Every structure is written in C-alpha cells, then in structure tokens.
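Annotated transmembrane segment per Swiss-Prot: 17-37, 59-79, 97-117, 129-149, 203-223, 230-250, 265-285, in sequence order, evidence recorded as sequence analysis.
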Amino acid sequence: MIIHPNFDPVAIHLGPLAVRWYGLMYLVGFIAAIVVGRIRLKLPHVAAQGWTAKDIDDMMFYGVLGTVLGGRLGYVLFYKADFYFSHPLDVFKVWEGGMSFHGGFLGVTLAMVLFAWQRKRHWLQVTDFVAPMVPAGLAAGRLGNFINGELWGRVTDPNAPWAMLFPGAMRDDAAWLSKHPALVEKWHLADVFMQYQMLPRHPSQLYEIALEGIALFFVLFFFSRKPRPLGAVSALFLIGYGLARFTVEFAREPDDFLGLLALGLSMGQWLSLPMILAGIALLVWGYRRRPVNAAA
C-alpha cells in the first residue's frame, strides 16, 4: 500500500498571502490551455479561419469567468442546494472549496457562446477550437485534487497495487467499517485499520488525470489536426469526457452528503449521461450536415 504524502495545501507564502496548490493548478491549467491553443494556430485549416493569439487570450478571459462562476454555481445547485438555500452567504465562501466540473462546463459553454456572438462566429466553431485545449486544464485541476488529498476513491483490496491510504479520509474510513462488514472480512480491513487508522482506497484523482486529461487530450488533439464537420470536435469532447467520467465514478467515492442515487449511480454519472447523449446527437448532426471545410 502507498501512503498519500499529505502535502501542505499551501504551495508558497508571499508575505501574508498564502498561495494554495489548488489555485496554482488552476493557473497551470489555463496556461497549458493557452499553449495548446497557440500550437493549434499553426494548423492550416485553423489558420484559414482567421484565429489569432489575441483571440486565444480574449477567449481565456471568458473561459476563466465561465469556469469559476459556472463551477461554483453548479456545485451549489447540483450538490448542496438545500444547504446553500438555507445559508445563501456561504455561496461566496469559495475558499472553503466546492466546484463542479459540469457547472463549469455549462459556464464555459455560455461564455464561448457570448464570445462567438461578439466575434460574429458560429458558436460551434468556437467550441470546436476550444475543445482540445480543455483536457490540459482538467488534468491540472485533478492534480490539485490529488495534492490536496481530496476526492479520493472507494475502498479497495489492500493487496491491490493501486491501493493508497489517504490521511484526509480517516473519519470516513472509520464510518465505512461498520457499513460494509462483508468486505471488511473479505479484505481483512479491520487489521489494516488497526495498523494505519486508514483504509486503502483507489487514487481516483490519478485515474481522472489519465482518462479525462491525458487520454482525452491526445484523442481530441489528433482528431482535430484535420478538418472536421462543424461541431464534430465538440461532440467528441462531450462523448470522451462523459465516458471517462462515468467510468472513473465507479472507483471514486460518492459525495457523503449525496451517496449513490437511482440505479446505484453517482451524481457525477447522472450528469455525464446527458453529455454523452448530446455528443452523439451532435456528432451525427455534424456528419450528416457536412461540409468539412467549416470545421475547426
């Protein structure tokens, strides 16, 4: 078993200002997205559409607003609506954590629609250009989750090579023991807990880096190197992310205040299903519509 390093959540201190790893990873993610975007400017079919480095910089401004506002509101509405309706001022306490990818996705989509309207472009042309830039940011964000030792995975066999002990999960681990007696006996978890006061879990943040970040990046980057029908790159992102997130959720610990929902699926899985379906519909629409020269 591997013990999570339990990093200090503060990366650096600048006088009275504490720069946290999670915020730093957001910055790294946006910078990585800009780098990917500038690489894409060199593709002939992208350059032919008149994209410039300034467009990317302006787009990132919209993207930051969409990510932060949408991510926070999505968490409030999708995950803890009852709490925040009772404590509305707590919505603004972003330093206490609480961001939703699906909310951030909706926020960024709306931001890109606004950007497209201002630049008099088709909004799908904008999202097709942006889609390959997103996985780099997702990977950085999940790395921030791992450094913080949060959003850990479900309990697993202590003999599994991926088994990891998360100090931040101690309280959850103690409660888990009484709820799953069969697995406690099967995996001899009582002995493990006696020794470490923790239970072995999937490092699901690393799975998400691998699937939602690295794998999805390469799929989108190489798919978009050639001209594609309008909406095709965006559709592949929806399908790819939705499938990756849906899969990883089987290894990720559900939010304790929600648990598993209908059909034994998590909130993340239920929110990913519409993405997959929308992606399939958009892909079919794009290829039926053609023309390839409209692609990003």
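Backbone N, Cα and C atoms are what each Cβ position is placed from, and that goes for glycine too.
Ranked by Cβ pairs under 8 Å to the transmembrane segment (59-79), the stretches 17-37, 203-223, 230-250 are led by 17-37.
Proximity of distant same-chain residues to the transmembrane segment (17-37), defined by a Cβ-Cβ separation under 8 Å and at least 6 residues beyond the stretch ends, is recorded for 7, 9-11, 56-57, 59-60, 63-64, 67, 129-130, 132-134, 136-141, 143-145, 147-148, 217, 221. Away from its own ends, the transmembrane segment (97-117) comes close to residues 58-59, 62-63, 65-80, 123, 125-127, 130, 134, 138, 141, 150, 245, 268, 271-272, 275 of its chain (Cβ-Cβ under 8 Å, at least six residues beyond either end).
Distant neighbours of the transmembrane segment (203-223): 2, 4, 36, 131-132, 135-136, 138-140, 142-143, 145-146, 151-154, 162, 164, 232-233, 236-237, 240-241, 244-245, 247-248, 251-253; these residues of the same chain sit at least 6 beyond its ends, with a Cβ under 8 Å from one of its Cβ atoms. Sequence-distant contacts of the transmembrane segment (230-250), counting only residues of its own chain at least 6 positions beyond either end whose CB sits under 8 Å from a CB of the stretch, comprise 101, 122, 124-125, 127-129, 131-132, 134, 138, 204, 207-208, 211-212, 215-216, 219-220, 223-224, 265-266, 268-269, 272-273, 275-276, 278-280, 282-283, 285-287, 289, 294-296.
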